[in-house]
Amino acid sequence: MAGSSEEAPDYGRGVVIMDDWPGYDLNLFTYPQHYYGDLEYVLIPHGIIVDRIERLAKDIMKDIGYSDIMVLCVLKGGYKFCADLVEHLKNISRNSDRFVSMKVDFIRLKSYRNDQSMGEMQIIGGDDLSTLAGKNVLIVEDVVGTGRTMKALLSNIEKYKPNMIKVASLLVKRTSRSDGFRPDYAGFEIPNLFVVGYALDYNEYFRDLNHICVINEHGKEKYRV
């Protein structure tokens, strides 16, 4: 609000998890038995993820001003975050004095092999991005690391002249390789760790894990391709 003395919240940073955070003991939670021995610890429990996403939805709706939204979900890791975020956005819309139209489209970006980011990004799907012209676009991503992948996607989308583009990412990694890109809305800022769970995968494994966890070396080797 113009003229307000209150400091604007930093939506692009989110809940900050420090580098020395030891995480939660796996024995305090339930998780799939087929992953026993493959994980170091729970970084973010499922309940905290859900609560944080609910707050993100409120922040997004307040910022966008109850305008119609075209949601562009980045698959595959972003689908769970996107589904839960959209559901919360719809709940807010149901209780508002104005209907907010929300349409969802999907795109896949391939930039990881094993636990390493590849040099080039592959864009799969989203052939008809011309439908984004004049729309308020919300890109929903699972993890922002270096920022190069998201910058490349934004550059591609901007060609279609949307009215507005906002980026919501569940996680933002602190890494020396970052080019400085920050999403408009972030769930959590985390250390530069390779995390799995809540639809985040390691070579297609761990998507069925509800919590966000840190994979150990045994798990990396077990599921390496």
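Including glycine, each Cβ sits where the backbone N, Cα and C put it.
Residues or ranges marked as Mg(2+) binding site in Swiss-Prot (evidence: a curator's inference): Glu141, Asp142, Asp201. Annotation source Swiss-Prot lists GMP binding site at Glu141, Asp142, Val143, Val144, Gly145, Thr146, Gly147, Arg148, Thr149, Lys173, Phe194, Val195, Asp201, citing experimental evidence. Annotated N-acetylalanine per Swiss-Prot: Ala2, in sequence order, evidence recorded as a large-scale study or a structure entry.
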Helix, strand or coil at Thr149 (GMP binding site) [DSSP, three-state]: helix
Between Asp201 (Mg(2+) binding site) and Phe194 (GMP binding site), the C-alpha gap once rounded to whole angstrom: 10
Neighbourhood of Val143 (GMP binding site) by C-beta distance under 8 A, where only residues 6 or more apart in the same chain count: Gly77, Ser169, Leu170, Leu171, Val172, Lys173, Val195, Leu200
Pairwise CA distance, Phe194 (GMP binding site) versus Asp142 (Mg(2+) binding site), rounded so that it is a whole Å: 12
Distance, Gly147 (GMP binding site) to Glu141 (Mg(2+) binding site) (CA atoms, angstrom): 11
C-beta crowding around Thr149 (GMP binding site), within 10 angstroms: 23
Residue among binding-site residues Glu141, Asp142, Asp201 with least C-beta crowding, 10 angstrom cut-off: Asp201
